[in-house]
């Protein structure tokens, strides 16, 4: 029994399907007309630096990317990009945009990246980004924004990076970032922020990096960062911060890097770093610190890198706690930590000053000395004022009114430095000795023919000198009369012994012996 297959579609239906397929193939080609002055690659339009004063009309509603960088666009009107509903990225940086109307980006539901940096935007309506529900990267840096509406970023739940650098922001509205639950990077640097609201960063549960450098902040209470439970890096350099406090007892276990360079910090709360048990990098260069309490230093247990240069370190017994901590610190510091006062220690490394001027009795124990020394010009002696010092948790008072008469104070040479110099010199001599041996060995290996010729010439010269000496000796011996005189008394040969030994001679008529 055979099987018979019958095509269920007739000829008219097949023709209709074929025509539809042809039309579908032609649609992309019909919509791919490139805007004038633009460069198009598939569905990406590049219209950079072409002198546009407004957004060109869409010629392809299916375009995925549009770049209008470095043009002369001054305003973004309402529904300006309604015909670009498929855009995934839009670059409008380096224009002259000053006005952005409400719903200017309406219809861009698929947009993931929006760049508006380097314009003249001074105000943004609260509904500007409402419909950008898939936006991940927003750049508003280098504009003229002085304030932000509290609901400006509402609905941006997929936003991951937000750049607000180099504007004129003075405050951060409460709950401004409440809906930005996916934000990981926030840059608020180079603004005019003077203070931080307590709930200014509420909602940023995934934020890992926060930039607040180059502002006008004067006080920092780390309790304001309580909601930043994932923060890894905090930049606070080049502000006007003079005091660091922490108004709450909590643990900030995620923070690993804190940069406070270039501020005016004079005092630090004793417990401020106890909230950061995993802090690895602490930079406090170029501040106004003159000492650090041992409790602050002992709380930095996970630190691997520290920056403390450019401060007003007072190299007196008050610096002993810092010197002891630096001596046992296993990590590295970025720059040299130098004394600022008193004058005779200015410019000296702290550790060198402590050893050279014997500022601390024992660096193996954490000592915070509160005693101060000063010079009395009338009596010419050094006086130690009554005070106390701390060894561990015990306070030990010093004796008041102790006076030590002296005319001049010269620091004794440091034995450790002397020993180090001796070791260094010995090592240098040993190195020179082995270097010379090495050069000789290389010369013998690399130049044997030359050495052989030198040796042969030396042997020939020695041989010639030996022959000359032998001839001279023979001449001297001949001058002394080597033959003995004799009187012939008989005929025939006889034996005569002279200076050259025994020889047999023949008697001759004259008094000589012929060998």
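Using N, Cα and C of the backbone, Cβ positions are placed for all residues, glycine too.
According to Swiss-Prot, the protein has these features:
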type	residues	note
REPEAT	63-83	repeat 'LRR 1'
REPEAT	86-107	repeat 'LRR 2'
REPEAT	110-131	repeat 'LRR 3'
REPEAT	134-155	repeat 'LRR 4'
REPEAT	158-179	repeat 'LRR 5'
REPEAT	182-203	repeat 'LRR 6'
REPEAT	206-227	repeat 'LRR 7'
REPEAT	230-251	repeat 'LRR 8'
REPEAT	254-275	repeat 'LRR 9'
REPEAT	278-299	repeat 'LRR 10'
SIGNAL	1-33	signal peptide
TOPO_DOM	34-421	topological domain 'Extracellular'
TRANSMEM	422-442	transmembrane segment
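For the repeat 'LRR 2' (86-107), same-chain residues at least 6 beyond its ends with a Cβ under 8 Å from one of its own Cβ atoms are 43, 61-80, 113-125, 127-132, 139. Remote same-chain partners of the repeat 'LRR 5' (158-179), defined as residues 6 or more beyond its termini with a Cβ less than 8 Å from a stretch Cβ, comprise 117, 133-150, 152, 185-204, 211. Within its own chain, the repeat 'LRR 4' (134-155) is flanked in space by residues 93, 109-126, 128, 161-180, 187, which lie at least six positions past its ends and keep a Cβ under 8 Å from the stretch. Within the chain carrying the transmembrane segment (422-442), a Cβ under 8 angstroms from the stretch's Cβ atoms is held by none of the residues 6 or more beyond its ends. Sequence-distant contacts of the repeat 'LRR 9' (254-275) (same chain, six or more residues past either end, CB-CB distance under 8 Å): 213, 222, 229-246, 281-290, 292-293, 295-296, 299-300, 307. Proximity of distant same-chain residues to the repeat 'LRR 6' (182-203), defined by a Cβ-Cβ separation under 8 Å and at least 6 residues beyond the stretch ends, is recorded for 141, 157-176, 209-221, 223-225, 227-228, 235.
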